[in-house]
Structures are given as C-alpha cells and as structure tokens.
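Novice: Structure in structure tokens, see below.
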Ligand code: AP5
Ligand code: ZN
C-alpha cells in the first residue's frame, strides 16, 4: 500500500498514521517529523528549515522533493509507505509523478477550521517518536508523560495560535488545490484513488472510517 495523507494542520494525520502503518506494516514518512529531527540535530537542512517552520510557511519544494526521494529509496519502502505531510503543493505532487513514484490512495481528512485551533492548542508530543496526545481529546495515561517511554511531552514551537492561523492560510492556498489535482486525474492509468473521510469525532471512529475506506 502506497498512501498519501492529505489534511489541514491538526486534522489528525499523525494520530491516524500510527494505526495505518501498524495495520499495513509500512513505514510512516512524516516530512514534518523529519524536519523537526533535522532542526534538533542542527544539520544544514534543519538550520534552513527552522525559521520557515516557526513562521508557518513551507520549506522550498526542491529541498522537500530531495529529502522524500532519498527516504523512499530505502529498502523498508519497497513494500509500501505512508506519506504524512507530503506532497503539500502541486509542484511536489508533480515531482513525485515525474520521479516515477506511484501512489495507490490519497486519503483526504476533512476537518473544519473551527476545530483546528482547539486541537493544536491542546496538543502535546513525544519528540523522539512523534507520538501525539491531546490534553482533553487523547490524554496520556500519566499527565505530561509519554505512555510508552515515560519521557516528558512538549508543545510544538509552531502550535502558537498566531502560527496556527498562518499554517491554515498556507494550507488553503497551497495544499488544498491538491484535492482538485487528484480529483481531475481519477480513473486515469496510474492515478491514485482519491478518498475523502470526515476527520471529526472520536479518534477510534475516524480510524474505523479509514479502515472501511481502505477495506483493511
Ligand atoms: P507537519 O508536521 O506536517 O504539520 P501539519 O501538516 O501542520 O500537521 P500537524 O502535524 O500539525 O497535524 P496532524 O494532521 O498530524 O494532526 P495530529 O494527528 O498531530 O509540518 C510542520 C511544518 O513543516 C510545516 O508547517 C512546514 O513548515 C514544514 N513542512 C512539512 N512538510 C512539508 C512539505 N512537504 N513541504 C514544505 N514544508 C513542509 O493531531 C492534532 C491534535 O488533535 C493532537 O493533539 C491530537 O491528539 C488531536 N486529535 C487527533 N485526532 C482527533 C480527533 N478525532 N478528535 C479530537 N482530537 C484529535
Ligand atoms: Zn503531524
């Protein structure tokens, strides 16, 4: 299964990716997680990405395409993969296709903007694994600590309300056009199937909708 998760910031891509990758035995390739790891490690990519991410803008397409192409050439991607947060511009989608990287399904999460701010302001993450919690909607077993490692949870630098609004703007302007891009290609040879699910409701219900749509 070669899958793309498409959805606004806070739509639940990372949360649901954990269930999907477990079910299908495929790696999760989160460009956001990869960039945050690069920032933390202080690599040249991280140094370039840090300010862009904190401003809620997008890292340039050619850089992201290079990062993703390299990751997809690793042996663990041979039997499939889940792309979380990529592509997020038309140029990135075209770059994937030009590189001959086929996709089976594009799964779009539909969540109203009104829910997004609430979700992101209550989000807490375990930086080492990318595991994600919410103070109200998906709390850890022990407040402030990761369920599996017991390590502290933190708030993401780009989850300030002002940055979230900017990220939403960028999503509408640059990423949402991808839905039309894939819709127009439905039925063409080699084009992925576009599936839209509602991302509203309890995490387990959203998971069931996804598994039904993927017939998993
Ligand atoms: P990235 O890390 O990809 O962030 P994003 O797309 O903004 O998405 P999020 O990670 O914020 O949300 P999510 O959909 O994963 O939601 P989650 O499951 O955590 O990118 C960050 C930045 O990196 C970008 O802004 C950009 O600068 C750069 N970047 C990354 N990729 C790039 C690319 N391809 N090109 C250029 N730049 C790139 O859930 C959110 C919260 O809601 C959690 O607290 C969760 O517990 C809760 N929640 C989840 N599901 C539910 C539910 N059903 N009900 C209630 N709460 C829920
Ligand atoms: Zn995410």
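Quick reminder: no glycine exception, Cβ is built from N, Cα and C everywhere.
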Novice: Tell me which of 84-121, 122-159 corresponds to the region 'LID' entry in TrEMBL.
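Specialist: Per TrEMBL, the stretch marked region 'LID' is 122-159.
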Novice: For the AMP site that TrEMBL assigns to 31, 36, 57, 58, 59, 85, 86, 87, 88, 92, 156, which of the candidates 2, 167, 185 is also assigned?
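Specialist: Record check against TrEMBL: AMP site with 31, 36, 57, 58, 59, 85, 86, 87, 88, 92, 156, extra candidate from 2, 167, 185 is 167.
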Novice: Which residue, out of the binding-site residues 88, 123, 156, shows the minimum number of other Cβ atoms inside 10 Å of its Cβ in this structure?
Specialist: 156
Novice: Check the DSSP secondary structure of residue 31 (AMP binding site), expressed as helix, strand or coil.
Specialist: helix
Novice: Other than its own, how many Cβ atoms are within 10 Å of the Cβ belonging to residue 133 (ATP binding site)?
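Specialist: Cβ-Cβ neighbours of residue 133 (ATP binding site) within 10 Å number 21.
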